[in-house]
Ligand code: CP
């Protein structure tokens with residue numbers, strides 16, 4: 001593995017989960033692997049969990065960390081080739097990625113979609129430009145279309161909490177006031193497709209995800225029917241993919257309540273808006289796995305960094 005850009009970079013998810021669990025039980029076992037190595041974390045967008053858990057993962061491996069909020073702190077980066085740079089951008093990604101590669105042994109990038117230009121977003125031009133022009137491995141910390149560190153974390157968390165051989169896992173859309181990306185939902189779908197689970201999705205009509213990602217995964221448009229006998233309910237809002245980036249539905253009937261959830265475990269990547277996406281009673285119950293998910297972000301990232309360091 002040269003870079004970690006998508007769930008498809010995980011060849012054997014069960015082996016990865018076992019290794020991440022083992023890192024969780026002994027986080028400092030490889031504390032010298034990253035000695036004298038540096039990871040640079042570059043954020044074009046906000047973060048709490050990804051920013052801290054990826055740093056923590058690197059520190060557990062003995063790495064040095066550098067963090068930069070690109071939007072605002074760095075020079076404006078140009079991604080188009082052949083542009084006359086007489087506008088707001090001051091530095092081309094060709095130089096920026098090559099320069100950063102002199103300071104860092106691994107580069108991690110977060111760059112969200114525009115949600116207005118589908119073609120541009122699906123080209124993953126920020127992540128792919130870093131991968132093209134950097135001379136060191138690149139890690140996706142959430143791109144326009146995927147959040148593989150989160151998807152792998154979620155697979156690990158389901159494995160830790162599974163009571164049956166083949167649990168039923170439901171991905172449910174829930175309402176939100178803003179237009180949100182598809183990345184978390186996409187990577188969760190891709191992770192579940194690699195797991196031995198009964199996996200279905202539920203969302204209002206008009207919120208179908210990219211059909212190339214959904215594939216044969218069943219979609220049940222009735223949320224209560226979808227939740228029947230569910231072991232895990234993973235909740236996320238996303239904007240319309242077909243009517244790209246639009247908010248088509250804010251119906252509070254799609255909010256997750258304790259009554260709907262029954263005995264199923266509740267999962268969400270966080271941050272979550274209380275009493276809009278999910279009611280307090282669910283988040284405050286023993287069936288909520290959200291804090292465990294956030295904790296597992298460290299060990300998912302640690303495994304990815306370990307593999308990249310070992311491959312260097
Ligand atoms: N789940 C997640 O990626 O959280 P942050 O946006 O806070 O990093």
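Each residue's number is its place along the chain shown, starting with 1.
Yeah, the Cβs are placed from backbone N, Cα and C, and that goes for glycine too.
The feature domain 'Aspartate/ornithine carbamoyltransferase carbamoyl-P binding' is assigned by TrEMBL to 2-160.
Non-local contacts of residue 149 (carbamoyl phosphate binding site) by the CB criterion (under 8 A, 6+ apart in sequence, same chain) comprise 4, 50, 54, 139, 140, 141, 142, 297, 300, 301, 304. According to TrEMBL, the carbamoyl phosphate binding site annotation covers 47, 48, 49, 50, 75, 110, 147, 148, 149, 150, 269, 270, 297.
In this view, residue 142 (N(2)-succinyl-L-ornithine binding site) is surrounded by 26 other Cβ atoms within 10 Å of its Cβ, with every protein chain counted. Residues or ranges marked as N(2)-succinyl-L-ornithine binding site by TrEMBL: 142, 176, 236, 273.
Mean pLDDT of the predicted structure over the domain 'Aspartate/ornithine carbamoyltransferase Asp/Orn-binding' (184-305): 98. What TrEMBL lists as domain 'Aspartate/ornithine carbamoyltransferase Asp/Orn-binding' is 184-305.
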Return the members of 49, 236, 297 (the binding-site residues) with CB less than 6 angstroms from at least one atom of ligand 1, or none. 49
How big is the gap, in Å, between the Cα of residue 236 (N(2)-succinyl-L-ornithine binding site) and that of residue 75 (carbamoyl phosphate binding site), rounded to a whole number? 33
Which has the fewest other CB atoms in a 10 Å radius around its CB: 49, 273, 297, the listed binding-site residues? 273
Residue 47 (carbamoyl phosphate binding site) and residue 273 (N(2)-succinyl-L-ornithine binding site), Cα-Cα, nearest whole angstrom: 15
Residue 297 (carbamoyl phosphate binding site): secondary structure state under DSSP, collapsed to three categories: helix
Work out, from DSSP, the number of helix, strand and coil residues along the domain 'Aspartate/ornithine carbamoyltransferase Asp/Orn-binding' (184-305). 47 helix, 18 strand, 57 coil
